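*Asks:* Quick paste from Swiss-Prot:
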DOMAIN    5-206  domain 'Glutamine amidotransferase type-1'
ACT_SITE  Cys83  active site, nucleophile
ACT_SITE  His187  active site
ACT_SITE  Glu189  active site
Amino acid sequence: MRSKSVVVLDYGSGNLWSVQRALQRVGAAVEVTADSAAGAAADGLLVPGVGAFEACMAGLRKIAGERTIAERIVAGRPVLGVCVGMQILFARGVEFGVETTGCRQWPGVVTRLDAPVVPHMGWNVVDSASGSALFKGLDAGVRFYFVHSYAAQRWEGSSKALLTWATHQVPFLAAVEEGPLVATQFHPEKSGDAGATLLSNWLGEL
């Protein structure tokens with residue numbers, strides 16, 4: 001049986017090579033590229049992201065990545081967003097008083113965590129959604145690795161979406177699963193065995 005093909009979208013942001021290695025370790029055939037045709041053709045598309053929402057959206061638009069994501073979703077083809085790659089899937093992001101339009105796959109806004117200590121950095125427990133395909137086989141109270149100052153702190157989308165929450169003084173969305181579009185605020189590639197299981201689960205859905 002052939003390995004599932006995954007494109008890690010290279011738009012100038014994200015831990016590209018650590019994501020690539022993590023996917024390869026669970027059996028994926030991985031290509032890191034900015035090429036939209038490759039992104040459209042792969043079994044799965046992973047959208048990484050670190051840094052500022054505005055800069056990530058600018059980089060994504062330079063390579064027509066926003067369109068690639070949208071076309072895959074319309075066609076029912078899997079997309080996984082990680083960290084800021086999750087945040088930019090929402091309609092808006094607000095950083096330092098500046099509002100930036102996101103990919104608008106989900107309604108809502110990404111804002112600075114309303115917590116006394118940011119960034120939120122380190123291991124944290126997640127409360128995974130019942131029936132989640134991403135978290136299949138993982139125990140309750142499983143920990144993942146986070147590095148972020150911003151997050152979606154409420155959900156305004158479909159009631160059919162599966163929502164996984166975490167708390168850093170305040171609750172925020174740690175993962176969302178809605179049809180072919182899934183995303184994690186944490187870094188599965190930095191989350192050891194739990195992250196490997198999650199990535200393997202995603203590959204199994206491709």
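Every residue gets a Cβ built from N, Cα and C, even glycine.
Since this is a predicted model, take the numbers as computed values, not measurements.
Relative to the rest of the structure, where do these features sit?
*Replies:* Taking a C-beta cut-off of under 8 angstroms and a sequence separation of 6 or more, Cys83 (active site, nucleophile) has the following same-chain neighbours: Gly14, Pro48, Gly49, Val50, Val147, His148, Thr184, Gln185, Phe186, His187. Cys83 (active site, nucleophile) falls outside any helix or strand according to DSSP and counts as coil.
In the three-state DSSP reading, His187 (active site) counts as coil.
In sequence order, Asn15, Ser18, Val19, Arg21, Ala22, Leu23, Val82, Gly195, Leu199 are the residues of the chain that are 6 or more apart from Glu189 (active site) and have a CB within less than 8 Å of its CB.
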*Asks:* Across the domain 'Glutamine amidotransferase type-1' (5-206), what is the average pLDDT of the model, as a whole number?
*Replies:* 97
